Ligand code: BGC
């Protein structure tokens, strides 16, 4: 059980230390894990809308797409096409449980190395794919890379970062995800005109960051926390001195040792998670990830080119619009880095709910009125849809995107922090899988109604945030129980003392 994950979210005990070049190097290398995750998210939509790819692997979809009077909303509805996109996430879901064990038994660095091996192998299989089985297998192996990477990178970043920049560094993981999505959009834009192997280039170029991550993962250090926890205390101390760039690291070293001792006393963190007092952060962590996905963001991220073609853009214009939404995604994430510790989590989440609810509803109304199964939107209407999608992505990128990862990592007490975070990661993967697998069929059956479906979820999550999500801004991580959960009108009923906990009793009110 890893001892320390993140302690951002408020004042943390200050420890001395510089932001050393070595830390920056390690952060950049490990963040390539986020970039690969983003690249995989962004690349599949473009690839699955390329004719060469469809002709080779999905001839039936290609025929449907080419036929003059095809149904706008249904032309990409093919469960195998969705399987291509979604197989990665189901693999990542399963892999993340294995990764959490490896992470605590063998360390973050080893987990990242295993992840990058998966990434390289998956890229080779995909780019060299000669049949559907081979490309889907490649995607499953990439999914294992994502499972290992997403478990290790946030932990690695948080444990390596000096406390004072820990929050900003955590959101850097999300920033790299968005950069990966953007790069994928740009690459698809160019490769879609390279026939017949443009799609191979798109899938194969993931090899560049994958090799950088693989080679780089041998250059980075293990985190002091992981070393100390695995009884390599002297090495942990030496590493801490190296990454902080100062000699006197006693205070931080002592606090890691204490945290690791406390965590070691908990024999089964998953069992600990079942206690009533673990319920509030566990529910929040899982629900936030479910909500993050049911904003509908990945309907846009995976299928933006498909969606833009649906409303009437040509292939190139659709891919270009995807690049534009990708840029909006990256720059809006920066807004979150600046505001999250000032405005607070709730303000960002609630504001974004209003913004996303309005945009999804307006898109739904527009398509309902103007996009019939045959025909397309006028160019002005199509541009309005792109603008609305951008405003929607903007809202997501400064709220539910980064905070879906940040809040679960700061609300668990130490002894359940990594087990709880693993539950958050796997919930995310499960819901990402569901959206990836179901979106195109849902669009075919629900037509414009799909946008009202997501708008309804956004309303629910807004209400949940309003009534049930406590503000965690400025609260030291290790004071969450006292200052957040025990004070909250609803969640305080689960906060009972340890001896009562043992009897598994729940105090009402
Ligand atoms: C989500 C991804 C999403 C991305 C978009 C991440 O926080 O977990 O599913 O595609 O944000 O930027």
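Each residue's number is its place along the chain shown, starting with 1.
Cβ coordinates are placed from backbone N, Cα and C, and glycine is handled just like the others.
According to TrEMBL, the protein has these features:
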DOMAIN    26-473  domain 'Major facilitator superfamily (MFS) profile'
TRANSMEM  21-39  transmembrane segment
TRANSMEM  80-99  transmembrane segment
TRANSMEM  111-130  transmembrane segment
TRANSMEM  136-157  transmembrane segment
TRANSMEM  169-189  transmembrane segment
TRANSMEM  201-221  transmembrane segment
TRANSMEM  282-306  transmembrane segment
TRANSMEM  318-340  transmembrane segment
TRANSMEM  347-371  transmembrane segment
TRANSMEM  383-407  transmembrane segment
TRANSMEM  419-442  transmembrane segment
TRANSMEM  448-469  transmembrane segment
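Fewer than three CB pairs closer than 8 A are found between the transmembrane segment (169-189) and the transmembrane segment (347-371), and contact between the two stretches is not assigned (pairs 6 or more residues apart). A contact links the transmembrane segment (448-469) to the transmembrane segment (347-371), because at least 3 Cβ pairs that are 6 or more residues apart lie under 8 A. As a quick check, the transmembrane segment (419-442) and the transmembrane segment (136-157) clear the bar of 3 or more Cβ pairs under 8 A, pairs 6 or more apart, so the two touch. Contact check: the transmembrane segment (21-39) against the transmembrane segment (383-407) gives fewer than three Cβ pairs closer than 8 Å, residues 6 or more apart, which falls short of the contact criterion. Same-chain residues lying 6+ beyond the ends of the transmembrane segment (282-306) with a Cβ under 8 Å from its Cβ atoms: 41-42, 44-46, 48-49, 76, 85, 181, 185, 188, 273, 315, 318-319, 321-322, 325, 356, 360, 389, 392-393, 396, 400-401, 403-404, 407-408, 411-412, 416, 420-421, 423-425, 427-428, 431-432, 434-436, 439-440, 443, 450-451, 453-454, 457-458, 460-461, 464, 468-469. Here the transmembrane segment (111-130) sits apart from the transmembrane segment (383-407); fewer than 3 CB pairs are under 8 Å, leaving out pairs fewer than 6 apart in sequence.
Taking the domain 'Major facilitator superfamily (MFS) profile' (26-473) as a whole, pLDDT averages 89 in the prediction.
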